[in-house]
Amino acid sequence: MLGASHSFYISSLPNGDKIEDADGNPVAAIGHVRPGGGGSRNAFGLDFAAAGFEWTEELCQKDSDGDGLSNGIELGDPNCVWSPGETPAEATGLSHPGVATSNDIQRTLDTCEGVTYEGVTLKTAELTFPEYTIPSEKTTYAKYAFNLAQIVGTKYPDSTSETHYGVRFSPNVKSAQVHHMILYHCSARPDDLIDSPSTNGNMPCDKLRYAWAVGATDFCLPITPDLITGMRFEAADSWHALEIHYDNPTNEVGLVDSSGITVTLVDSGDPAHASLDWQAAGYLWAGSQLPALTVPPGKKYHHVEVDSCSYPTIPAAGVTIYAFILHAHMLGRKMWVEVWRPGDDGEQAYLRDAACNTEYDFDLQETVGIPDPFTLYKDDNVISHCMYDSTDRSETTQGGDETENEMCIHFLVYYPEIEGNSKCLQETHTVVPASSISNDHECAEIEAPPNPGPGPAPLPALVAPNWVVAHGVGMMLAWVFLIPFGASTPRLLKNKLGDPFWFRLHRIVQSTGLLFAIAAFVVAFSNTPDGRHFYEPSDGNHKKLGAAVVFLGALQPLNALFRGKKPQPGESATCGRFAWVCLHRGAGYATILGGVANCVIGMSAVKKNMYADSVAWAWQAFGMLAAGLALCVGGVALCCRGGAEKKKEDEEEML
C-alpha cells in the first residue's frame, strides 16, 4: 500500500496480495516494475499496464475493482496530485485497488452517477485560489472571496440572468496539503478577503453552499426533465468565500497552492429553460459547539450524544434529506445522526439514521448521497453522535479548528431551501457510558412514511444488533428452559426411570443448557471490545450477575468429583455426602434463580440502551420458553404420579 515515505511504494497489501502488472510481475513502485515474480493478474494491474506503468490522473480516478472507491482513495492519493518523489497524502484507510473492498460501503454512492444534462444549457465558474504560499504551520485556514456574478458575467458576457443554480461541484485540488474546502455565501462584501487569501480578517460569510473533504469526488444535485435542483446563486447577492483547510503535519516550507472548486451552473433566465421548475437546495447544520466539546485522554470509546436539534422554519410539507457530510478530526471513529419523530402522544421515538459512518477516517471524508432520500419535518428532532478513540493522547483534547482539536459537526443536504436559521450547534451534550449498547450502533436505513400521520412513529424491526439478540435468546434458552428442566429430573424421573437412566438424562440436559449459556457469554464478550461488557459501571448488575451465574454453572459438573460415596440401602449418608448434597442443590437452585433474574435485567438493559420503547421480541422469547418449561414439567409430573410414595428414597442423593 502507499505509505508516508518519500516514494510512492506499493508493498504487501492488507489481504496479503501484491499489486501486479499485466504480465504478473509484482509492482514495487508506481512507474517501476520489479523483474521476475509471477502470480495472477488483477484489474488494477491491467489498468496500470494500460497506463504505461505510470500513475496518471485517469488511473487515479478510475475504480479498477468496481468497489466504489477510486484507485487514488484506496492507495492514499485521493486528490490525484501525487508525483514521483513526493509524500503520498494518506497513510491510513488504505486498501487493495485490484480487489473489491467490502467495507466503506457507506462511501460508494456516487451522486453524479446517471445524472445527465440533456436539453439543459450549462455554464461553469472557476472559484480558485490565486497562487498561495501555504504556511509551515500544521493547520491553516485560509479564505478568499469571489463575486460569482462578476465571474459568470466576464466568462459569459451575454448572460443577464439574475439567478443561477449550481447543480454540480467539482474539486480542483492542486496540493496534497489540502484537507477540506468550504464555500460560504456572504451576507456582506468581505473586504478583508478580496485582494488575496488570508488567515485573518472579517468573514461575514456563514451560509454553506458546498463542502469538500479528502476522499470526495464531484457532488451533484438531483435533476429531472422538469425540475432543476441546485444551490441558488443570486446576481444581486453574489459574494462568496472559499475556505481551505491546509494540513501540513511535517511543517514543510515553500509549498504553493492554487486549489479551488468548479461550479456547474444552470441559468434560470435562459429562454430555453422556460418550461422547467426550480428549487434551491441547502445545508442543515447539527452537532456540538466547539468550546463545549472535550475528549478526555486514554479513552478507547468516548461517545458524545449532542442535545437534539430541530428546525422550526421547515414548512409543513417538510424537506427532503438528500446527502450528508460527517465531520470530526483525528480522534473520530464513529458518527451518526438520528431522526426522532413524535407520535400522537407527543413522545419522540427513533425513526431512522439521517447519516451514519461506523468506520470514520479523518483522511477519507466526502459528501455521501443517501440511497433513500427521506422527508424531515419541523417537529422532528435530530440527534448527533460522535465516538472518539483518545488512547494515544495524554491530555484532554479540546473542541476547535486545529487538526489536533476535535469536532462533532454534521451537515445534511436538503431541498427545497428554507428561510431562517439552518444551523444548530448545541452547547450541551451527554457522555454515553462506554458499556452502552448504543456504542455498537449499526447504520440503519429505514424507510420513512410520507407523512408523520397518526399514532406512534414506526420503529426498527429489531431494536438490537443481531449479537444482542443471539446473546439474549441463548441465555434465556439456557436459564429459562433447559437448566430448570434438567434440575427437575432428579425429583420427577429418578423413581420412574431408575438408575442410571434418570442421571444420564439429567446430565445431558444440564450440559446442553450450560453450553448454550457459555456460548451466549462468549457472544457478548467478543462483541464488546476489550471485554468492557463486564467491568464498566453502566448496567453493572447485569454484567456482574451474568458472569457469576455462568461461572457457578460451569462449577456444577466439577463439584460432582467431590460428591462422596452414595449410601447403600439402610445406610445413612456421611457428613461429606450430606454437605455435598446441600452445596450441589443449593448452588444449582441459586444459579437458576440468578440466571432467570439476569434475563429480566438484561431485557431492561436492552430497552434502556436501544432506540425503541419496546423489547417485545425478548419478552415473547422469555414467555414461550417459560411456558414450554411449565408444559414439560407438568407433563412429566403427570406421567410420574405416584412418585411421592417413595419420598424417603427421593431424599437419597443422586449419583
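Note that Cβ sites are derived from N, Cα and C of the backbone, with glycine treated the same way.
Automatic prediction, not curation, is the source of TrEMBL annotations.
Mean per-residue pLDDT, taken over the domain 'Cytochrome b561' (431-638), amounts to 72. Per TrEMBL, domain 'Cytochrome b561' is recorded for 431-638.
Annotation comment: TrEMBL describes 467-487 (among others) as transmembrane segment.
For 508-525 (among others), the entry in TrEMBL reads transmembrane segment.
Sequence annotations record features per position, and here TrEMBL assigns transmembrane segment to 545-562 (among others).
Annotation comment: TrEMBL describes 587-606 (among others) as transmembrane segment.
As annotated by TrEMBL, transmembrane segment applies to 618-640 (among others).
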_Cβ-Cβ under 8 Å with the transmembrane segment (467-487): same-chain residues at least 6 beyond its ends_ = 437, 440, 505-506, 509-510, 512-514, 516-517, 519-521, 523-524, 527, 546, 549, 553, 588-589, 591-592, 595-596, 598-599, 602-603, 606, 610, 617-618, 621-622, 625-626, 628-629, 632-633
_For the transmembrane segment (508-525), distant same-chain residues with Cβ under 8 A (at least six beyond the ends)_ = 467, 470-475, 477-479, 481-483, 485-487, 489, 531, 533-534, 546-547, 549-550, 553-554, 556-557, 595
